[in-house]
Each structure stands twice: as C-alpha cells, then as structure tokens.
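Asks: To start, I am sharing the structure in question, which I have written as structure tokens.
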Amino acid sequence: MQPYTKNWTQVTEFVMMGFAGIHEAHLLFFILFLTMYLFTLVENLAIILVVGLDHRLRRPMYFFLTHLSCLEIWYTSVTVPKMLAGFIGVDGGKNISYADCLSQLFIFTFLGATECFLLAAMAYDRYVAICMPLHYGAFVSWGTCIRLAAACWLVGFLTPILPIYLLSQLTFYGPNVIDHFSCDASPLLALSCSDVTWKETVDFLVSLAVLLASSMVIAVSYGNIVWTLLHIRSAAERWKAFSTCAAHLTVVSLFYGTLFFMYVQTKVTSSINFNKVVSVFYSVVTPMLNPLIYSLRNKEVKGALGRVFSLNFWKGQ
C-alpha cells in the first residue's frame with residue numbers, strides 16, 4: 001500500500017498483464033483459448049436452438065439448461081475476447097478503463113453467482129424427478145420453474161452490488177498494471193492505496209454466503225439422489241444413473257472447487273500466477289464442459305439435434 005499524497009492523480013486506465021511469462025507461446029495459447037471459446041459458443045447456441053425448436057424438449061429440465069447455456073455464453077464473453085486480444089497484441093488489447101474494469105468485474109461476478117444458483121435449481125429439479133417422481137408435476141410446475149429462474153438471476157444480480165460499490169470507493173494512484181487476464185478483485189486490491197481490510201471482509205462473506213448456500217442445496221439434492229439410486233434393483237439402470245450423476249458432480253466439483261479456492265480467501269498476497277491458472281478453469285474450461293455433461297450426453301438432446309439439423313425438419317416448417 002502506498003501513502004496518500006494529495007497531488008497524485010487517480011488512475012483512469014489499467015493495463016492487464018495476462019500470461020506475461022509465456023511470450024514465446026502467445027500464438028499457441030491464442031489458438032487454444034480461441035478454439036475453446038468458439039467450441040463453447042457453438043455448443044451452447046446449439047442447445048438453445050434445439051430446445052427452442054423441438055417441442056419434445058419443452059420440459060422443466062431443458063428450461064433450466066437453456067438458461068445455463070445463455071449464461072455460459074455471456075460468462076465467457078465477458079473476459080475471453082479481451083484475453084485473446086492481449087495474446088495477439090491488438091492495439092489497446094491489454095488496456096481497460098477504470099469504469100470498464102469495474103463493469104467487467106460486476107458482470108462477471110453477477111453471472112458467476114447466477115450460475116451457482118442455477119446449478120442449485122437444476123440439482124433440486126433432478127432430486128424431485130428421481131426421488132419423488134409422482135409429485136414432480138406439483139413441485140416443479142412451469143410457474144415454479146419461472147420463479148426459480150427469476151430468483152437465480154435476481155439474487156445473482158444483487159450479489160456484486162455492495163462489493164463493487166466498496167471497490168469504487170478505493171483510491172488507485174498507481175501502479176496501474178493488473179497481474180491478471182481480467183479485472184479480478186484480488187489483483188485490483190493489491191494495487192489500491194486505500195485500506196482494503198473492510199473490502200476483503202465483505203468479499204469473503206459474500207462469496208462464502210453464495211457458495212455455501214448453493215453448494216448445500218446441490219449436496220443435499222445429490223445425496224438424496226444417490227441414496228435413492230442405491231435402492232434401484234436393476235444393476236444396469238443403477239449404473240446408468242450413477243454415471244450421469246458422477247458426470248454432473250465432476251463438473252460441479254470443478255466449478256465450486258476453483259471458486260472456493262479463489263474467492264473464499266482473505267489475503268491478496270496469494271500466488272497470482274496460480275490464481276490465474278485456477279481462473280481459467282472456472283471462466284473457460286467449465287463453461288466448455290457444462291454443455292457436454294448436462295446436455296450433449298443426453299439421448300433426448302442427441303435425438304433432437306439429429307431432428308433439428310435434418311433436412312426433413314426444415315422442410316416441414
């Protein structure tokens with residue numbers, strides 16, 4: 001932290017270092033992340049298109065998957081294009097204004113929190129479908145789905161308001177180089193000339209509340225699902241259900257594990273380079289894996305993809 005001096009000028013622009021230690025491999029990493037980004041866009045757009053066009057998928061589960069796909073597109077698009085511009089040295093690709101930096105962090109936090117709550121809602125949907133199939137229509141009606149989705153987006157939007165407001169009250173007189181590929185809270189706090197103790201505490205509590213609340217719903221839901229599956233007599237059906245749950249839990253564990261590591265910590269002095277690697281997992285890798293695990297492995301979605309992208313489907317429209 002630097003001492004306050006009245007004639008210092010407030011920083012109006014930041015420079016993002018990105019992955020500064022890999023200059024020789026910038027083109028390789030550009031191609032890698034561009035491929036992953038485009039793959040994520042194609043996957044999620046395909047799911048949105050298929051669910052929207054195939055009436056057989058007009059069910060609550062696919063309603064939530066559509067919301068998740070929309071969210072993943074926006075989630076990756078907040079940070080990845082700027083990161084790609086920095087890799088290839090586009091003019092101003094590493095520069096970002098103070099206002100744009102706060103906006104990027106707000107949107108990214110909003111979408112990340114919303115995804116946590118959406119994953120919890122989807123886990124609850126699967127819990128009711130598997131553990132209480134006879135009551136599924138009563139507990140997961142279309143009205144309930146709409147209210148759950150709206151609540152996820154609303155609470156997600158409210159989540160970053162206080163943290164970003166507190167961040168906007170901090171002073172930044174320089175240096176203005178962010179040791180990250182996006183405007184993340186920890187490297188920003190490391191640059192502030194103000195006392196960041198209160199800001200760190202609020203970030204910790206907000207992150208902990210979001211992650212614990214949503215992960216507890218997921219843990220309880222899947223715990224009950226596993227208990228129910230253990231009582232299925234057919235070994236083939238039990239194995240099929242277990243493999244699906246294991247795939248879901250793998251992605252959820254990766255997403256939540258990286259988020260817990262990144263945001264439920266109170267010191268900005270943690271390894272920035274390791275944080276950047278962890279950030280790649282929840283901002284690039286997980287959004288690419290989610291459609292594969294939640295949707296594209298699903299036989300109904302595969303069948304719908306075949307129908308939607310067949311000539312007969314479009315001739316009948």
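Glycine is treated like the rest: Cβ placed from N, Cα and C.
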Asks: In Swiss-Prot, is the topological domain of Met16 the same as that of Ser234, meaning both on one side of the membrane?
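Replies: Membrane side for Met16 and Ser234, as annotated in Swiss-Prot: different.
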Asks: If you draw a 10 Å sphere around the Cβ of Cys101 (disulfide bond), how many other Cβ atoms fall inside it, taking every protein chain shown into account?
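Replies: That number is 22.
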Asks: Just give the helix, strand and coil counts over the topological domain 'Extracellular' (78-103), going by DSSP.
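Replies: Breakdown, helix to coil: 16 helix, 3 strand, 7 coil.
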Asks: So which of the recorded positions is most packed in, judged by how many other Cβ atoms lie within 10 Å of its Cβ, out of Asn95, Cys193?
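Replies: Selected residue: Cys193.
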Asks: For the transmembrane segment (276-296), give me same-chain residues lying six or more residues beyond its boundaries with a C-beta closer than 8 angstroms to one of its C-beta atoms, as numbers and ranges.
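Replies: For the transmembrane segment (276-296), the nonlocal Cβ contacts are 19, 33, 36-37, 39-40, 43-44, 46-47, 65, 68-69, 72, 75-76, 79-80, 108, 112, 122, 180-182, 184, 247-248, 250-251, 254-255, 258-259, 261-262, 302, 305.
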Asks: What else in the chain is close to the topological domain 'Cytoplasmic' (222-241), if you only count residues 6 or more beyond its ends and a Cβ gap under 8 Å?
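Replies: Tertiary neighbours of the topological domain 'Cytoplasmic' (222-241) are 123, 126-127, 130-131, 248-249.
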Asks: How long is the line from the C-alpha of Cys193 (disulfide bond) to the C-alpha of Asn95 (N-linked glycosylation site), rounded to the nearest angstrom?
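Replies: Each residue's Cα considered, Cys193 (disulfide bond) and Asn95 (N-linked glycosylation site) end up 20 Å apart.
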Asks: Give the nonlocal contacts of the transmembrane segment (28-48) in its own chain as ranges (CB under 8 Å, at least six residues past its ends).
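Replies: Sequence-distant neighbours of the transmembrane segment (28-48): 19, 22, 65-66, 69-70, 72-73, 76, 80-81, 83-84, 87-88, 284-285, 287-288, 291-292, 295-296, 301, 305.
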